[in-house]
Amino acid sequence: MRNNRTKLFLENFFVYGLGSILAKIAPVIMLPIVTRLMPDTFYYGLSDLSNIAVTFGSAIAIMGMYDAMFRMFFERDELEYKKEVCSSAFSYVLFSGIIICIMLFIFKSYFSVLIFNDEKYANLLNFTAVSILISALSSIVVAPTRMENRRKIFVVTSTISPIIGYSVSIPMLLNENYLYALPTAALVTSGIMLVFFYGLNRRWFVFNKTKLPLIKEMLKIGAPLLLGVVIYWIFTSCDRLMISKLLGNSFVGIYGIGARVASVSQFIYAAFAGGWQYFAFSTMKDSDQVELTSKIFEYLALVSFSAFVVILPFAHFIFELFFTGDYVEGYIVFPYLFLSPLLLMLYQTVANQFLVIKKTWPSSLILMMGAIVNLVLNYFLINTIGIEGAAIATLLGYAASVIMSVIVLTKMNLVRIGKRMLIMSAVLVLFIILWRLISPINIYPAILLALPTLIIFGYLYRQDIRIIYRKGISFFETKKKAENVYTDGQ
């Protein structure tokens, strides 16, 4: 039983994670090229603002239906019921997405000023509105591929999608169409993926199988989660809007570059998120589910903190190597934004316990409190220390959410965190403070701080590292033997 669960987690972690990483690695690799094709940080800032508007709008349109679909899909085994769940979710998102799109078209002057600080970007808002609808629908039609665990398809499409995007954006940038290049590429890519996955999964989406009672039931699960999604948006995007208002769109561009480079940490997060949801719901009825989730939480924290400590000394060097001009200043936000998605990953690991027991409101409340911390700190820190303040506010907001969720779930006996996790966290905080005070630019002093930090991490989890290493080796050896047997049989 335990071996099967280990295999399930590792397979989903690596396969779905690989797909998500392939989709995310191309934008990071292409970033130095894109920034050199743009005349300054201003246009990248506008594209970044368009992207955060799409993220927010599609979250409103989806209304938590994606997570509700996953939860309801595994509730019963009847095929007809599963089709009704998928069809009902699709119909709802189609309707809500069209409504949002129309509203943005009608009030485009107002929203152009709100998002881009100028009414003259109304046409850019039109692109944004259509992208919201397409992005929301794409999220729903891709869901059956994951729920059926069709891994190869996910990996292939994740590889192709960024190629499509840059085949659109690069020619537009070369033709000096700086304003629409990146938003158009995102729209075209989402549209192609929507058509492909709808064709692939069309048997799950039949309009006459839409059931209003199912929509209502899914909204009971999904609507409280919407608050969480909106709060995630506040964490990842509201800082950009505040920077735009307080400092200008050029600083949004610098911050956006720092955030994009920092998104390399999302390779870890994407690998986790891709496999976690299927794994979590597949094992939610196991007798040792609490112990299992707690261990995964600590192991992911170990991986996240270690990756952060390893890469931090090279922050300024990386930006000087790949970027020029004002873009280099993005190095100062990189460390905080690198760690932030990893804290989000830790939060989602433990907060999934609320979803398992069908009580999502505590998760939303905790996230809301973390978002309030983020917003308040953003206001004061941006005015005080600029874009670095926004990055620090984001990190502290996530940290507050993780701490509160662990405290609540511990009292509910839904998670158990050991003392070594507390020690590791304290050591990490001390490392960050010393790095910022002593050497945010020079590599060697930062490395001297990083080495003892990693040694302490390894010592705290030395036994677990040995066990995981042996299981990992055993997993790959078993898989290799199975492949050899299959090859010999051919």
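Just so you know, glycine gets a Cβ as well, placed from its N, Cα and C.
Sequence annotations record features per position, and here TrEMBL assigns transmembrane segment to 12-34 (among others).
Positions annotated as transmembrane segment by TrEMBL: 49-68 (among others).
What TrEMBL lists as transmembrane segment is 89-111 (among others).
For 123-142 (among others), the entry in TrEMBL reads transmembrane segment. For the transmembrane segment (123-142), same-chain residues at least 6 beyond its ends with a Cβ under 8 Å from one of its own Cβ atoms are 46, 50, 53-54, 57-58, 61-62, 65-66, 69, 86, 89-90, 93-94, 96-98, 100-101, 104-105, 108, 111-112, 115-116, 179-180, 183-184, 186-187, 190-191, 193-194, 197-198, 201, 205.
Look at TrEMBL and you will find 154-174 (among others) tagged as transmembrane segment.
Taken from TrEMBL, the feature transmembrane segment covers 180-198 (among others). Within its own chain, the transmembrane segment (180-198) is flanked in space by residues 34, 44, 47, 50-51, 54, 124, 127-128, 130-131, 134-135, 137-138, 141-142, 145, 157, 161-162, 164-166, 168-170, 172-173, 205, which lie at least six positions past its ends and keep a Cβ under 8 Å from the stretch.
TrEMBL lists 218-235 (among others) with the feature transmembrane segment. Within its own chain, the transmembrane segment (218-235) is flanked in space by residues 52, 55-56, 59-60, 62-69, 71-72, 85, 88-89, 92, 340, 344, 358, 360-361, 363-364, 367-368, 370-371, 374-375, 394, 397-398, which lie at least six positions past its ends and keep a Cβ under 8 Å from the stretch.
Annotated transmembrane segment per TrEMBL: 331-350 (among others), in sequence order. Tertiary neighbourhood of the transmembrane segment (331-350): same-chain residues 232, 235, 255, 258-259, 261-266, 268-269, 272-273, 276, 293, 296-297, 300-301, 304-305, 307-308, 311-312, 315-316, 318-320, 367, 387-388, 390-392, 394-395, 398-399, 401-402, 405-406, 409, 415, 432, 435, 440, selected by CB-CB distance under 8 Å and a gap of 6+ residues from either end.
Sequence-remote contacts of a segment are chain residues at least 6 beyond its ends whose Cβ falls under 8 Å from one of its Cβ atoms, and for the transmembrane segment (362-381) they are 224-225, 227-228, 231-232, 234-235, 238-239, 242, 347, 351, 354-355, 388-390, 392-394, 396-398, 400-401, 404-405, 408. If you look up TrEMBL, you'll see 362-381 (among others) marked as transmembrane segment.
Long-range contacts of the transmembrane segment (387-409) within the same chain: residues 235-236, 239-240, 242-243, 247, 251, 254-255, 258, 329, 332-333, 335-337, 339-340, 343-344, 346-347, 350-351, 353-354, 362-363, 366-367, 369-371, 373-375, 377-378, 380-381, 415, 417, each at least 6 residues beyond the stretch ends and with a Cβ under 8 Å from a Cβ of the stretch. Per TrEMBL, transmembrane segment is recorded for 387-409 (among others).
If one looks beyond the transmembrane segment (421-438) by at least 6 residues along the same chain, the residues whose Cβ comes under 8 Å of a Cβ in the stretch are 298, 301-302, 305, 308-309, 312-313, 335, 445-446, 449-450, 453, 456-457, 460-461. The feature transmembrane segment is assigned by TrEMBL to 421-438 (among others).
Annotated transmembrane segment per TrEMBL: 444-461 (among others), in sequence order. Only residues 6 or more beyond the boundaries of the transmembrane segment (444-461), in the same chain, are considered here, and those with a CB under 8 A from a CB of the stretch are 298-299, 302, 305-306, 309-310, 312-313, 420, 423-424, 427-428, 431, 434-435, 438.
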